[in-house]
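Take a look at the structure set out below.
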Ligand code: MD3
Ligand code: FE
């Protein structure tokens, strides 16, 4: 563990911006629920046929999907056959401001994956490598119930550090750690007034070729 630019203790390899989005928490939750009204949250299956424990949807020009055919980005929602809802302006503004603060000026995300965790839901250690442009960072905004982020290394067997993420926290990953293994520990139960018993995570990505 090393202290980062922002005076908080965070594992190396990521830029941790605690509370960066807190002032916009209610507006972000409202915008995410607006996306989910047009492109419903759904539980996807892995290519191996296992159901994920997280429900997900997307906004932006491309959306991440997983099914028996594999992991990939699609321009249309397979559930509705419609283009994914546009990325709300507030999402883009915040994601770009966070990326710039972390040293990634000019980040232009074309995909925002929205993950919804209920108590007990988790995400096993994995790498994100379905994006066409791996030089772009990934920006994550956490909303609702707190979770423990698992921050591994370049190899699946590297023991992950644990970083608690609270509503309004923003994290930026890029450069050398862009392909590190990461995950989310099972979500503890609780209640977050604006959202209820759930955590939303927004991840902004450059999915299509820049
Ligand atoms: C580090 N989501 O959707 S966000 C995912 O909280 C995902 O829902 C988690 O992992 C969540 O793929 C963690 C943080 C995150 C996202 C992508 C990364 C961290 C990352 C890509 C590379 C390195
Ligand atoms: Fe991931």
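Easy rule for this one: first residue shown is 1, then count along the chain.
Just so you know, glycine gets a Cβ as well, placed from its N, Cα and C.
Note on TrEMBL: of 20-43, 44-67, the range annotated with the feature transmembrane segment is 20-43. Among the candidates 166, 182, the residue that TrEMBL annotates alongside 126, 128 as binding Fe cation is 182. Of the residues 130, 133, TrEMBL puts just one in the substrate site with 64, 71, 72, 73, 156: 130. Proximity to ligand 1 (Cβ under 6 Å from any of its atoms) holds for none of the binding-site residues 71, 72, 126, 130, 200. Same-chain neighbours of the Fe cation site beyond 126, 128, 182, judged by a C-beta within 8 angstroms of the site's C-beta center, are, in sequence order, 123, 125, 127, 180, 181, 183. Screening the binding-site residues 64, 117, 128, 202 for a C-beta under 6 A from any atom of ligand 2 leaves 128. Between the C-alpha atoms of residue 71 (substrate binding site) and residue 200 (2-oxoglutarate binding site), the distance comes to 21 Å. Cα-Cα distance from residue 73 (substrate binding site) to residue 200 (2-oxoglutarate binding site): 20 Å (rounded to the nearest whole number). Across the range of the domain 'Fe2OG dioxygenase' (108-208), the DSSP-based residue counts are 3 helix, 44 strand, 54 coil.
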